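Peer 1: The structure is given below, and queries will be raised subsequently.
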């Protein structure tokens, strides 16, 4: 199986190399399979399930136009009332649709709306649901000149500010995977954390040096992040015509797509395999090659730091040879945190989670599930019973403690 997966990745890279080397790369033919402007996350996935949804656009300080959706339940007992605002922040190669890919009884976005929360759904730059840039085109390499650092300090920070301004209320944050990396980096910033009531982090990541995902480790060892950037590839779009055709042919009998997920995320106990086709209708979303390299730097160096540009540019930007670390001890001790993590997660490894906990001043509420993998926390058929009820209980307890 591992050999087949390596062949898959090698084939992908060789396709990129051959098209670029031959000078025949046509961006329009292999660009995002974007939906039309009339197709939104609201009308494609949320409203058809019977929920109220409105679209919002937020401009970041560096000019990106990111999308937010505001979701509420049509439950007659909740109509006209809005509970505390909660912002959902997705992970790598995903977007806001990730919170709605199961039934209303299984998907966190729907569950929170039914529980009366004022649900806001974040979509970072470059994803299908966001709206580009005020001056840059997606064809420009500059459009893709960012990593999770910018996603945290610009996209997430601006989305939090927008929700805070519209609701006049401090915001509850929920992040999954890369969404937790972004959350940690954002919550270190005093001007951001002052707008946050609490944060719930699924598969929390700030350190990655104990990651065990076999395919990811092989890619790190081959320095494929550096290869991709050296080839002049800045956008990682796994929904290009070339890669979709390749993936379709491989998933059509030769390799199970769920095995591909396992080699990246770890074994997932409770993900409904029959939903794989529906999952791939929406995922994956694009990201940048620079973002992948930043993540691979974390794996190689065992640090939670700013992007490493190399000695000379580091000296120019940071005034030092190595990039400065994000200091988790700067997250206020008084900020309530909740974390859910699993024993079968090959990305958010238990050892790395424990490392994160030691760096924090406060003591988060913890939920550990031995048999849960990385995707289970998002798409488990038992997510409500196993995870979300516990998280919602944590959120409910905040009001009780503040009023007592």
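A Cβ is built for glycine as well, from the same backbone N, Cα and C atoms used for every other residue.
TrEMBL annotations: computationally assigned, not manually curated.
Here TrEMBL flags 177 as active site, nucleophile. The feature active site, charge relay system is assigned by TrEMBL to 345, 374. What TrEMBL lists as domain 'Partial AB-hydrolase lipase' is 43-101. Per TrEMBL, the feature signal peptide maps to 1-21.
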Peer 1: In the domain 'Partial AB-hydrolase lipase' (43-101), how many residues does DSSP assign to helix, to strand and to coil?
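Peer 2: Helix/strand/coil tally for the domain 'Partial AB-hydrolase lipase' (43-101): 12 helix, 24 strand, 23 coil.
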Peer 1: Taking the Cβ of residue 374 (active site, charge relay system) as the centre, count every other Cβ atom within 10 Å, in any protein chain shown.
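Peer 2: There are 29 such Cβ atoms around residue 374 (active site, charge relay system).
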Peer 1: Along the domain 'Partial AB-hydrolase lipase' (43-101), what average pLDDT does this model show?
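Peer 2: Here the predicted model's pLDDT, averaged over the domain 'Partial AB-hydrolase lipase' (43-101), is 91.
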Peer 1: Quick one: Cα separation, residue 345 (active site, charge relay system) versus residue 374 (active site, charge relay system), in Å?
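Peer 2: So the Cα of residue 374 (active site, charge relay system) lies 5 Å away from that of residue 345 (active site, charge relay system).
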Peer 1: Excluding near sequence neighbours, so keeping only residues 6 or more apart in the same chain, what lies with its CB under 8 A of the residue listed as 'active site, nucleophile'?
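Peer 2: Residues satisfying the criterion: 90, 91, 92, 94, 202, 203, 205, 347, 348, 374.
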Peer 1: Determine the Cβ neighbour count for residue 345 (active site, charge relay system): the number of other Cβ atoms within 10 Å of its Cβ.
Peer 2: 28
